[in-house]
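Structure, as structure tokens:
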Amino acid sequence: MYRSHNCGELNASNINTEVTLAGWVQKSRDKGFMNWVDLRDRYGITQLIFDESRTDKTVFELAKTLGREFVIQVKGTVIEREAKNKNIPTGEIEILVSELTILNTALTPPFTIEDETDGGEDIRMKYRYLDIRRNPVKNSLLFRHKVAMEVRKYLSDLDFCEVETPYLIKSTPEGARDFVVPSRMNEGQFYALPQSPQTFKQLLMVGGMDKYFQIVKCFRDEDLRADRQPEFTQIDCEMAFVEQEDILNVFEGLTRHLLKEIKGIEVDKFPRITYDYAMKTYGNDKPDIRFGMKFGELNEFAQHKEFPVFNAAELVVGIAVPGAGNYTRKEIDGLIDWVKRPQVGASGMVYVKCNEDGTYKSSVDKFYDNDDLAKWAKATEANPGDMIFVLSGPANKTRAQLSALRMELATRLGLRNPEEFAPLWVVDFPLLELDEESGRYHAMHHPFTSPKPEDMALLETEPGKVRANAYDMVLNGNEIGGGSIRIHDKATQQLMFKYLGFTEEEAKAQFGFLMDAFQFGAPPHGGLAFGLDRLVAILGGQETIRDFIAFPKNNSGRDVMIDAPAAIDDAQLKELHIKIDSI
């Protein structure tokens, strides 16, 4: 037996107990006649003491050779600690060591294994197995495990069945590029790694597995951002014989359950807003509603004056920033420079100070009087002491720019408290979106999403106005889940493929198996998928998902620890019938 207890469980009630511990040397303090060693494992730290007057000489001398991160086993007696440490659970005791075994030595780590380390991100990713020993990373992985267990418990209690679906599937157009896997036994043919288990979970519904879930790896070969990984994990769910309301209720319940069990928070409100309302009011379809600053459209009050910039704009829109009326000109100019950055792309910005006496001071006083600006204040719900910032230009582009400014200001003003949680549903998404370059419509979610029955007639005349039975769950400005009611009959699915530009032959080649299944009695069904990585990061109060993934990739999609991806040798390429052009 390597250990009778772990390094986080012993306390004063264990005094005089003989114990065996094993772990890593965190640090040691050699005072000549006395040597203290902090022994660490996943559960905590226990102090060991080697006393020249009470410890066997051989053991005492061996303890002096211990280095950082040596793996050791000790046997000894729990005794009361003279200098108690109230900051750790084991701070009342220490172990008077009688036996010491060095299980493995260790090189000096390239960074300190401490909560606050001196290692940069690159070196910590290269030695990720060492980084996992640090409390912040270890605790993030344990936190992820707890969330996953609560998900399984909640769904299992509702009679959901966890079913695994294949990882080697057929490449189909789902939006992002597929990762492809060559088949040695089928020359010139390839599998793809799934971007989601979408078609398989629909086939499970046809198969009668009416409540399915899976915590599953998915893969997308796309350009990476700080919050994206080429492989990611979904809480994937599907239900048969349900309407949209049934699905929203189940997964609203899951979210409430997680917030209560993980964070101890009861959620009172769970608003539902339409996609159109979200875009008009917040400028994006995943609004952060922990704070206000709703958009106020100002065309009616700002145009038809003498200010040519607003007169030429498709949209004039502003937000009221609480308490920002005392911003200096330097601070305002800094914000103007911020919105002019290429990442935002605004050409300029107008500001209005809402004075405490009910008057207004703006950068366009030459064109607008106090009564005009009072109307702007009313439209943006501005109060005395606030500042109104106004952008103008093409409607969609301007809303996106103001949305970016809204989020930046909320961050600067401390309005995005990571311990406050404000979930909501966004519903009634457009079924299709137009690609302006190709002139073709694309499915906003995926081609299996059903249109709202009352909008079916619009498919022939105004396809861009057709609404989908689709819904996203948003938490603190992040889309954490999305889903839809699916098409479950062949005729409607064929019609959808037609509007997406598929020929009959292409649709059959790509998705014939699904349409065939629909002919054998497919039930009405729908589902949803949560992004587990993003969900645990938000619940854990962190900005990046990497901290919650054991072995993440970097921003270039590389695993620098194992140096992947990597070339394969010519023999493997030949066996796979692959020839690589010169690079």
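Positions of Cβ are set from backbone N, Cα and C atoms, glycine also.
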From Glu162, Glu164, Glu479, Glu575, the one annotated by Swiss-Prot with Arg220, Asp221, Glu222, Gln229, Gly531, Leu532, Asp533, Arg534 for ATP: Glu479
Swiss-Prot annotation (region 'Aspartate') - matching range among 2-5, 174-177, 198-201: 198-201
Arg486 (L-aspartate binding site) versus Glu222 (ATP binding site) - Cα distance in angstrom: 26
Lowest local Cβ density (other Cβ within 10 Å) among binding-site residues: Glu222, Glu479: Glu222
Top Cα neighbour of Arg534 (ATP binding site) in the set of binding-site residues Arg220, His445, Arg486: Arg220
Predicted model, mean pLDDT over the region 'Aspartate' (198-201): 96
Helix, strand or coil at Glu479 (ATP binding site) [DSSP, three-state]: strand
Which of Arg486, Arg534, all binding-site residues, has a Cβ with the fewest other Cβ atoms inside 10 Å: Arg534
Greatest inter-residue Cα distance in Å for the ATP-binding set Arg220, Asp221, Glu222, Gln229, Glu479, Gly531, Leu532, Asp533, Arg534: 20
